[in-house]
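Swiss-Prot lists R27, H130, T345 with the feature substrate binding site, giving similarity to another entry as the kind of evidence. According to Swiss-Prot, the pyridoxal 5'-phosphate binding site annotation covers G105, Y106, S176, D201, E202, A203, H204, T232, L233, S234, K235, on the basis of similarity to another entry. The N6-(pyridoxal phosphate)lysine annotation in Swiss-Prot covers K235, and the record cites similarity to another entry as its basis.
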Amino acid sequence: MKAPIEVSPLAWLDAVEQQRRAAGLRRSLRPRPPVATELDLASNDYLGLSQHPDVIDGGVAALRLWGAGATGSRLVTGDTELHQQFESELADYVGAASGLLFSSGYAANLGAVVGLSGRGALVVSDAYSHASLVDACRLSRARVVVTPHRDVDAVLAALADRDEERAVVITESVFSTDGALAPLRELHEVCRRHRALLIVDEAHGLGVRGGGRGLVFEAGLAGAPDVVMTTTLSKALGSQGGAVLGPAAVRAHLIDAARTFIFDTGLAPAAVGAARAALGVLRAEPWRVGAVLRHAGVLAEVCRVREVPQSAVVSVILGDPDVAVAAATACLDAGVRVGCFRPPTVPAGTSRLRLTARASLDDAELEVARRVLTDVLAGLG
């Protein structure tokens, strides 16, 4: 008998790697130093709070009091007074009846969508929904309808044509790839008429829209009995973690039903303490919200983006992924770090630079951004 040919069960990865390289879709990691040496137009630290001394002090104080880790799931040993205090404070800030913390925004989206849908339900999702919402749809066991971007009529048609008793519509408030706002009032009206729950991911709306309270608050939907919000603590609040905010019945249900809550270690106390302190800064310094949008306007003007930014995100579509990578690399070589989004994050043919404004940018930094972006984009021909 011939000896078996030794082939690694991971040999197929070589072919996948070659395909990614050929398509210009290979990704790599580039560690950042503790003290920034480049102008940051790529991070989600919209309000500049990740380095705020009060936020750092809040994290350190929680670390010293509660220890490094939560030590278990929230249902075992991972719950503290700090967790529950911050849940109440965050819910109060955005106008919700209650809140529930998760270990990340990704986990919060999985917990909310899967826990509030399930087999025998319909889930209607925007085509530009974040990967966490896409995965939540896949795990929900519900029938899923994906509608064109920000298309209220398509959502209406999906709800009107359903046989399922329960229906859930999910959307981001501010879409992470293009910075566009969801038509929340119109979506809510459609949901109300067709007895559907509206789940809104406020990851990029919290701290930026509604005076900081988010687009749900701005749309007049805060506290609505048929609206549930999810958010992250890692963007405007400069920390880490996630939350689901909405009616008290939703919180009670997810404690019993959300697997990403039940079977996951609780959020580290330091992250909670930092996020709580960041919320305090946001309340005390509302000027940061207006500064984000002003600075986004400057970046959009430099990049000749036609639409006035409605969020911290400025999207500069370049089309070809290799062109987008080259532009991002040129910016970095000139001392400016920008985001570079390629498929599958965005649709084919829409690779782009994704710039994010921060409240803490000063005039000198904006001038550097103006010079570098102008030169790089002009060099693309």
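In case you wondered, yes, glycine gets a Cβ from its N, Cα and C as well.
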Of the binding-site residues R27, H130, T345, the one whose Cα sits nearest to the Cα of E202 (pyridoxal 5'-phosphate binding site) is H130
Rounded inter-Cα distance in Å - H130 (substrate binding site), L233 (pyridoxal 5'-phosphate binding site): 16
Per DSSP (three-state), G105 (pyridoxal 5'-phosphate binding site) is helix
Give the residue from the binding-site residues R27, H130, K235 that has the most other Cβ atoms within 10 Å of its Cβ, counting over every protein chain displayed. K235
Looking at the binding-site residues listed here (G105, S176, H204, K235), whose Cα lies nearest to that of R27 (substrate binding site)? S176
List the same-chain residues at least 6 positions away in sequence whose Cβ sits under 8 Å from the Cβ of H204 (pyridoxal 5'-phosphate binding site), in sequence order, or say none. N44, E172, S173, V174, F175, S176, G179, K235, S311, A312, V313
Largest tally of Cβ atoms lying within 10 Å of a Cβ, found at which of the binding-site residues S176, T345: S176
Expressed to the nearest Å, what is the distance separating L233 (pyridoxal 5'-phosphate binding site) and T345 (substrate binding site) at their Cα atoms? 21
Taking the Cβ of G105 (pyridoxal 5'-phosphate binding site) as reference, which residues of that chain separated by at least 6 in sequence fall under 8 Å from it? S132, D201, A203, T230, T231, T232, L233, S234, G241, G242
Output field, pyridoxal 5'-phosphate shell: CB within 8 Å of site CB centroid, site G105, Y106, S176, D201, E202, A203, H204, T232, L233, S234, K235 dropped: N44, L206, T230, T231, G242
Using only the Cα atoms of G105, Y106, S176, D201, E202, A203, H204, T232, L233, S234, K235, which the record gives as binding pyridoxal 5'-phosphate, return the largest interatomic distance in Å, rounded to a whole number. 15
Would you mind checking how many other C-beta atoms are within 10 angstroms of the C-beta on L233 (pyridoxal 5'-phosphate binding site)? 29
